[in-house]
Amino acid sequence: MNTQILVFIACVLIEAKGDKICLGHHAVANGTKVNTLTERGIEVVNATETVETANIGKICTQGKRPTDLGQCGLLGTLIGPPQCDQFLEFESNLIIERREGNDVCYPGKFTNEESLRQILRGSGGVDKESMGFTYSGIRTNGTTSACRRSGSSFYAEMKWLLSNSDNAAFPQMTKSYRNPRNKPALIVWGIHHSGSTTEQTRLYGSGNKLITVGSSKYQQSFTPSPGARPQVNGQSGRIDFHWLLLDPNDTVTFTFNGAFIAPNRASFFRGESLGVQSDVPLDSNCGGDCFHSGGTIVSSLPFQNINSRTVGKCPRYVKQPSLLLATGMRNVPENPKTRGLFGAIAGFIENGWEGLIDGWYGFRHQNAQGEGTAADYKSTQSAIDQITGKLNRLIDKTNQQFELIDNEFNEIEQQIGNVINWTRDSMTEVWSYNAELLVAMENQHTIDLADSEMNKLYERVRKQLRENAEEDGTGCFEIFHKCDDQCMESIRNNTYDHTQYRAKSLQNRIQIDPVKLSSGYKDIILWFSFGASCFLLLAIAMGLVFICIKNGNMRCTICI
């Protein structure tokens with residue numbers, strides 16, 4: 001009896017599609033690179049620029065009361081040269097000084113010029129009050145061709161006191177003024193330095209001249225210095241202007257015997273203002289609170305890279321043209337090669353979902369009813385709440401209203417100017433470093449926070465499912481019971497009741513091999529098992545054939 005044994009070997013791989021829920025985070029195809037304390041060039045989903053580089057090349061005056069001084073210098077509003085006649089009294093919250101502006105007509109200068117200029121820039125304008133000085137036995141109408149109106153004139157707010165006639169003696173005089181208001185009075189007077197001793201004698205008589213000024217806080221004596229000097233505006237003489245702030249109810253007393261330029265009115269400040277030196281035009285159709293010589297900076301950002309010398313409520317100047325603040329989580333673009341079932345991610349921190357546009361974190365699920373994706377608003381909102389206001393916090397730390405002293409120093413003040421310039425440069429260096437450090441710290445916090453919220457969401461789902469599901473190491477959970485859309489929704493909104501499905505899950509869990517391997521090892525083991533199984537079956541078949549031939553139950557005929 002011939003017995004023929006036919007052996008068929010078939011290897012079939014069946015993919016069992018069970019219910020599954022996966023967790024993931026938002027990703028974009030091309031993120032933005034930011035720096036943190038520990039790393040540079042980290043890619044994030046969203047980032048906001050913190051350095052303003054856009055400038056409006058005009059002085060924006062919308063909502064302001066600007067005063068454009070034109071040819072009048074700011075200090076000239078106190079003494080009244082012809083070019084300042086329309087600004088002897090004014091009110092403003094934005095004072096614009098022009099390069100063409102001049103403080104004087106008869107050559108001279110102010111002492112502590114920059115300090116006085118800064119005071120006037122913030123004064124809100126000035127109004128004036130007569131000091132009530134009267135004179136007898138002298139002339140009070142001194143004029144000069146350097147200050148021309150219809151003809152020779154003088155400073156509108158000053159009186160040039162001269163001897164009653166050429167070469168006549170100038171009498172010793174004392175004049176006092178008490179400040180009647182409840183705010184400081186600005187008092188300005190001048191000392192005339194004649195072009196020669198002969199000129200001084202002609203104007204004030206012979207003998208030494210001495211001017212003494214005193215108040216409760218101020219005491220100073222002045223002696224004129226006649227002498228030849230280069231002519232300016234046709235004059236070889238000079239007038240030095242001095243000033244003091246007189247407290248309420250305080251009295252200033254002037255004692256003099258010639259060469260004295262007497263004040264006519266005291267000046268009082270009207271309020272507060274900003275002062276900017278600029279030659280750009282004014283524009284009432286735009287508004288802003290930060291000004292510089294080149295125009296207006298309108299920005300809500302904490303830093304700017306436009307001009308280091310600004311006035312008003314301004315972003316801090318930094319050297320860096322860009323400092324990106326992370327306002328989104330770490331970005332890892334979706335990689336199709338690492339997807340599992342229906343595009344599930346392989347490692348929820350290592351890869352993202354580019355389609356999750358309505359939230360930072362979310363779920364994807366698969367069940368008998370199909371597949372779906374939904375954002376998790378709770379974790380998303382938790383992260384956003386902590387990151388919202390990050391830019392505002394930076395602005396609060398950096399934005400202050402301040403004014404920087406300009407570099408218009410005379411020779412005496414040049415050393416002070418050098419110190420201020422060095423200090424300004426040092427401050428820029430410090431703030432540039434501080435800005436980079438602040439942004440890096442905030443970026444570090446944002447990225448750590450985003451990862452933390454992702455982990456919290458993962459732990460929340462794991463604690464809900466407990467033994468009813470098993471993690472597969474890719475950010476997904478294999479669920480051991482049927483989980484319809486309502487069940488999936490309960491997992492997402494944290495109302496899932498694991499006890500309801502415990503019995504069915506335990507029954508299904510017993511049928512599943514508890515050992516889980518990563519996909520790479522699964523492939524190796526699969527092929528190894530397949531080869532070993534085929535070899536074993538082949539060995540068994542050959543053994544049966546050998547036994548049958550030996551017992552005579554099978555005959556092998558070889559034909560050639």
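Positions of Cβ are set from backbone N, Cα and C atoms, glycine also.
Note that this is a predicted model, so its numbers are computed, not measured.
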C105: disulphide-bonded cysteine as recorded in Swiss-Prot, out of C72, C84, C147: C147
Cysteine of C314, C476 paired with C290 via disulfide, per Swiss-Prot: C314
Among C60, C534, C548, cysteine joined to C286 by disulfide in Swiss-Prot: C60
Cβ neighbour count within 10 Å of C314 (disulfide bond): 27
Using Cα positions only, nearest of the recorded positions to C314 (disulfide bond) (N30, C60, C105, C483): C60
Those disulfide-bonded residues listed as C483, C487, and which of them has the most Cβ atoms within 10 Å of its own Cβ: C483
Surrounding CB atoms that lie within 10 Å of the CB of N30 (N-linked glycosylation site), all protein chains: 7
C60 (disulfide bond), number of other Cβ atoms within 10 Å: 23
